[in-house]
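Colleague: Pulled the feature table from TrEMBL, pasting it below:
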ACT_SITE  13  active site, nucleophile
BINDING   13, 15, 176  Mg(2+) binding site
Ligand SMILES: O=C(O)COP(=O)(O)O
Ligand SMILES: [Mg+2]
C-alpha cells in the first residue's frame, strides 16, 4: 500500500516551494551588507544559504567575509538591519512558482486540510502569504520562531498533526529541501519534494523522500491517485 494512502492533510513549505523569495532575500541582505560596509553578494550565493532560518542565514552571510568572533560581535546589529530591510520590501520581488495556487486549490478540493510550516520568521511569513493571496488556504501557519525548535526538528510538523488531531502517517509534508525531508522522517510523516527550490546546493535526488513532484499540482494529483479515503 502507498505511504500516501491515508493522507488527510498536507504541510507545505514556503521559501523554495511556494514562492521564489531569493530576490527578496537578495535585496534585504545586500541592504544589510551595505550598512556594514560589505560588498553585495549574488542571488546564487544566497540560494545556497537559505533554508535554516534567519540566524543561520545571517551568520553564513557574514561568515563570507569575517571570522566567527567578528560575526558574533556584529550579529545583533546585522540581524536588526536585515529584518528592517526585509520587512520594507517583503514580497515585492518574490514570485509564485508555477501551479502553486492550482495545487493548493486542488489539495483543498480533495478535502485535505492545509498547514504552512516555514523556517522564515512568522513576522515575515504572515504578511507575505497575505500579499500573495495564499493565506486563505491555510488553517495553521508556523514560522521558524513560532515554536521552540524549527525544521529539521520534527516539532513543527508534530504540532500540526496534533492541531489537526491526525496521526503523522495521515499528514504529508511537501518541501524543497533536506530540512523538510528530515523533519518529516523524524515526525513519521510521508514527504514529497519539489526539484526547483533551494536545497543547500545539493540535488533533490540525494534527499530521502517518498517522491519528487514537479509542481504542487502534480503533488495533488499523485495524492489523489494514491489515497484510499474519499
Ligand atoms: O527562511 C528560511 O530559512 C527557509 O524557509 P522555508 O522553511 O520556508 O524554506
Ligand atoms: Mg524551503
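Cβ atoms here come from the backbone N, Cα and C positions, even for glycine.
Tell me what's around each of these sites.
Modeller: Look at residue 13 (active site, nucleophile): DSSP puts it in coil.
Within its own chain, residue 15 (Mg(2+) binding site) has 21, 50, 51, 118, 119, 120, 176, 197, 198 as residues 6 or more apart in sequence whose C-beta sits under 8 angstroms from its own.
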Colleague: Given the Mg(2+) site residues 13, 15, 176, which other residues of that chain have a Cβ within 8 Å of the mean position of their Cβ atoms, reported in sequence order?
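Modeller: Surrounding the site, in chain order, are 14, 16, 17, 18, 51, 118, 175, 177, 180, 194, 197, 198.
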Colleague: List the same-chain residues at least 6 positions away in sequence whose Cβ sits under 8 Å from the Cβ of residue 13 (active site, nucleophile), in sequence order, or say none.
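Modeller: Sequence-distant Cβ neighbours: 116, 117, 118, 173, 174, 175, 176, 177, 180, 197.
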